Amino acid sequence: MPRAPRCPAVRSLLRSRYREVWPLATFVRRLGLEGSRLVQPGDPKVFRTLVAQCLVCVPWGSQPPPADLSFHQVSSLKELVSRVVQKLCERGERNVLAFGFALLNGARGGPPMAFTTSVHSYLPNSVTESLCVSGAWMLLLSRVGDDLLVYLLSHCALYLLVPPSCAYQVCGSPLYQICATTDTWSSVPAGYRPTRPVGGNFTNLGSAHQIKNSGHQEAPKPQALPSRGTKRLLSLTSTNVPSAKKARFEPALRVDKGPHRQVVPTPSGKTWAPSPAASPKVPPAAKNLSLKGKASDPSLSGSVCCKHKPSSSSLLSSPPQDAEKLRPFTETRHFLYSRGGGQEELNPSFLLNSLPPSLTGARRLVEIIFLGSRPRTSGPFCRTRRLPRRYWQMRPLFQQLLMNHAKCQYVRFLRSHCRFRTANQRVPDAMDTSPSHLTSLLRLHSSPWQVYGFLRACLRELVPAGLWGTRHNERRFLKNVKKFISLGKYAKLSLQELMWRVKVEDCHWLRSSPEKDTVPAAEHRLRERILAMFLFWLMDTYVVQLLRSFFYITETTFQKNRLFFYRKSVWSKLQSIGIRQQLERVQLRELSQEEVKHHQDTWLAMPICRLRFIPKLNGLRPIVNMSYGMDTRAFGKKKQTQCFTQSLKTLFSVLNYERTKHPNLMGASVLGTSDSYRIWRTFVLRVRALDQTPRMYFVKADVTGAYDAIPQDKLVEIVANIIRRSESMYCIRQYAVVQKDSQGQVHKSFRRQVSTLSDLQPYMGQFTKHLQDSDASALRNSVVIEQSISMNETGSSLLHFFLRFVRHSVVKIDGRFYVQCQGIPQGSSLSTLLCSLCFGDMENKLFAEVQQDGLLLRFVDDFLLVTPHLAHAKAFLSTLVHGVPEYGCMINLQKTVVNFPVETGALGGAAPHQLPAHCLFPWCGLLLDTRTLEVFCDYSGYGRTSIKMSLTFQGVSRAGKTMRYKLLSVLRLKCHGLFLDLQVNSLQTVCINIYKIFLLQAYRFHACVIRLPFGQHVRKNHAFFLGIISNLASCCYAILKVKNPGVSLRAKGAPGSFPPEATRWLCYQAFLLKLAAHSVTYKCLLGPLRTAQKQLCRKLPEATMTLLKTAADPALSTDFQTILD
């Protein structure tokens, strides 16, 4: 029998998802004597290959094979597969084998497919079709019989390995939907996992010895007992087992399957606690009860943790695949971009506004917060169950909370704490759209400290002292409020952080009876969870609603992910100015009510987009968010909206396919740094091959309003020429890829592959092999799951959809509806590609001669011309200045840069910014040496920004490991060949680039350290942090070697030698420069770093040291001095 492919990473991935993973031959052999005859002498090679490559995966909770298993074949293969597909469809199970099949109903008519009574195929399934006609599978059926093959297809998951390192799924639940056991346990704190406790610490920062082995798969090392300060955190995510009597009064919680996923009580008090000695039954996962993006009504959020009664039908060997994830997050995105006018008042629909300040209202509030009842804004209160005594006793306190809310003067607090920072404290008139008035309005944002003062005043007015228990608990919560509003756009605040150092025993309202001398552990954990529910509701509902009611919160174009807080009265005026400017700048036609209705009736699948604005330094940038404004709630067109999204993705995939097949369509367009590197490297090597390097003339130009100025007729003509080709029938295959990286992280991605009938790979084995051959780095150690395949996408249907997309996109602005008469809709995946195709056609027709002996690059709407001919440079500049109306191309002279003199009046009186002939020329984040053509990275964009805000770091669980992984991932992105290639750049330039990369990493290192949770400090485990710095140096040098194959960097005494000690010296120097500015925090690191650097100095040659000191000259890194952190 052929040797089975090894594919160790795929096998490891499958073992983390399934209870058992066996080769097919082994699985069948374990079932009895007849199974040992699966492979026999003389079997065809294709059958032997199938048996060798097939893996049988048994899911957790799967029933065993039938006891009376027969190895006799009764049915044909096609009949058997059809019966299995029908059973899967009837049970409503998602199974790869049944993708593309559905039960017949009124909407899906037609005769059933063969051997079924009520199933039809609405999309091809290449896996199922190839299985039905495969001779190897027919032979397998004859060997194993109907019973076993039905069991394998219905209850197991089959995978076929595809050398060298991948596999594809044949049947079973899609792998991307199966929760990993290892991932589940990572969400449960160490103290409550079924492991034997030995040394270590809570944040898993590890020792120096652990760091060396961290690149390998971790063994299941037992975890340490938590420190005193973290005991409460651990009990939040544990479950207790109260007695049977307690169960009557303290109902357990379960997750309601309703739309808001609230936590509701069940009559059972049984819960689960993991035992080190046995494999436990595991309850289903608790849901994250944060808003899940429904920020428009934060009052609907409720409880935060739940308990489940395990199913009596679950196997004793069931894994923790659905173990509780009692660590929800409240996210800053919940209070972003709030709607409404300029009214500064609490939303009338807010929960506390709808409850009367009485014991009845208090009871309802207690049920919503702690028992998961859904909030009701109208109608009589219904008593569906008796309130447990513990919660009954809480009513007076929550009645006091409702009374405090009713008399709280929110507007007075707002005006007191969030005053306008102007002399006369008046907001400029919104009717004045002059730049000075717009700038003055943009400066009227409230600082986080002012917003915190407002929230603190409201909370102190609202929450009775009895609910806090002590001032200590109140101060802890207020500190978390201040932290919450200081986070960046994508940040989260976890429940563990919210409960850290909160004293549960001080909250007497949590007790169900008078205090005894000792409190059982189960009772203490229950009180802890109840307090967590209240604090989470207070933060995720009340605080978020206050922010959404009184502020418009948004990011800006100049401060990365930092959030700016504008009072509603200020933002309404800013928005009015932005709308007027948008209507003046863009050709929009307002639709009448009849036209809007006609649009809804005719173009059911087209979305109605919404317009919002992002502040700039001196203006507002309009953002048309197509995915945000689908408006399915208003029109009830969810399925049509999904159809639109799928059609948009299909069109995008087809245009990308044509772009790849015909690269000239994109003209001079580059899609990123890798494209720029490939083209720039070829150009530099060609220029340096000349006898004498000519002087180069540089032109940088930026198109004004590129998306809004493109003529629609011209764009339609260009796209029609692309997809109206002879091979205009496209095949679209949608598939998922699941892979595990070197750090053990599992990643899922969903992709589309376009082909024509001439290059179609019809079967999944061929397709997976083709993917590995075409791009082995992108598809390595992966499992491929086919989702669907469409064989009849015609160019005419795609063009019809494109016409609708361009000419009938409706934007809703300030309650009115407009259709765009010129330009292309922004905010979709197509926008950038369409812009590149339009300007690519312009370049092919107008600028072919300009590129002679030179190079023309364009990143979306930013042009760069490098040419040895001054006449070509001037002609190119003149053409762009005068504009190309046919393509809507007009450049912004204020952003145009050249390195040669331009005669006065040559461009109609205007003059671009002129740099010296020899300089570092800026373009799209790069600095290009105009004489040597070497490349540096431009770090000026980091000036006056916060690295802490730009770096999203969620370090609650395994903070140290997360920090190390984050820093290494960012380093790999920054160490690009464009900066490290020694054929493009000199060794000195590469040294400067490496040093600046390390210096930026030092800033990121500091940003991660100051955000470590639970009071973790560098001094507690300085060896770990020194290991991170050392790992960064080693990783950078490894990348440097990969980017320079064939170059001997270690050659001693050679002019281009660059040993690993040199990289390490640059790394230590960069970190010493940054960490010395925070000497109190990093005192324990500075000494070892200085000692290690001195040791390196003794090893490195004098010439190398001179080179390194030149690269680390502070005069070359002045951009970093303006970084805020």
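In case you wondered, yes, glycine gets a Cβ from its N, Cα and C as well.
Predicted, not measured: the structure shown is a model, and the values here were computed from it.
Taken from Swiss-Prot, the feature region 'RNA-interacting domain 1' covers 1-239.
Taken from Swiss-Prot, the feature compositional bias 'Polar residues' covers 206-216.
The annotation region 'RNA-interacting domain 2' is assigned in Swiss-Prot to 329-540 on the grounds of similarity to another entry.
Here Swiss-Prot flags 381-511 as region 'QFP motif'. Helix, strand and coil residue tallies for the region 'QFP motif' (381-511), in that order: 78 helix, 4 strand, 49 coil [DSSP].
Taken from Swiss-Prot, the feature region 'CP motif' covers 402-422. If you look at the region 'CP motif' (402-422), the same-chain residues 6 or more away from its ends with a CB under 8 A from one of its CBs are 344-346, 352-353, 355-358, 361-362, 365, 440, 443-444, 446, 450-451, 453-454, 457-458, 461-464, 546, 549-550, 565, 567, 570.
According to Swiss-Prot, the phosphoserine annotation covers SER447. Its own atom aside, the Cβ of SER447 (phosphoserine) has 12 Cβ atoms within 10 angstroms in the protein chains shown.
Note on ASP862 (Mg(2+) binding site): other Cβ atoms within 10 Å of its Cβ, all shown chains, come to 17. What Swiss-Prot lists as Mg(2+) binding site is ASP702, ASP861, ASP862, and the listing cites sequence analysis.
Look at Swiss-Prot and you will find VAL860 tagged as site 'Required for nucleotide incorporation and primer extension rate', backed by similarity to another entry. Residues within less than 8 Å, Cβ to Cβ, of VAL860 (site 'Required for nucleotide incorporation and primer extension rate') and separated from it by at least 6 positions along the same chain comprise SER669, ALA706, THR832, CYS835, SER836.
Residues annotated as region 'Primer grip sequence' in Swiss-Prot: 923-927. Note: the region 'Primer grip sequence' (923-927) comprises 0 helix, 3 strand, 2 coil (DSSP; helix = H, G, I, strand = E, B).
Annotated Mg(2+) site ASP702, ASP861, ASP862; additional same-chain residues within 8 Å of its Cβ mean position, judged by their own Cβ, are ALA701, VAL703, ALA706, ARG858, PHE859, VAL860, PHE863, ILE891, LYS895. Long-range Cβ contacts of ASP702 (Mg(2+) binding site) within its own chain (separation 6+, distance under 8 Å): ASP861, ASP862, PHE863, ILE891, ASN892, LYS895, THR896. With a threshold of 8 Å between CB atoms, the same-chain residues lying at least 6 positions outside the region 'Primer grip sequence' (923-927) that come near it are 676, 700, 857, 859, 862, 864, 935-938, 941, 978. In the shown protein chains, 20 other C-beta atoms lie within 10 A of the C-beta of ASP861 (Mg(2+) binding site).
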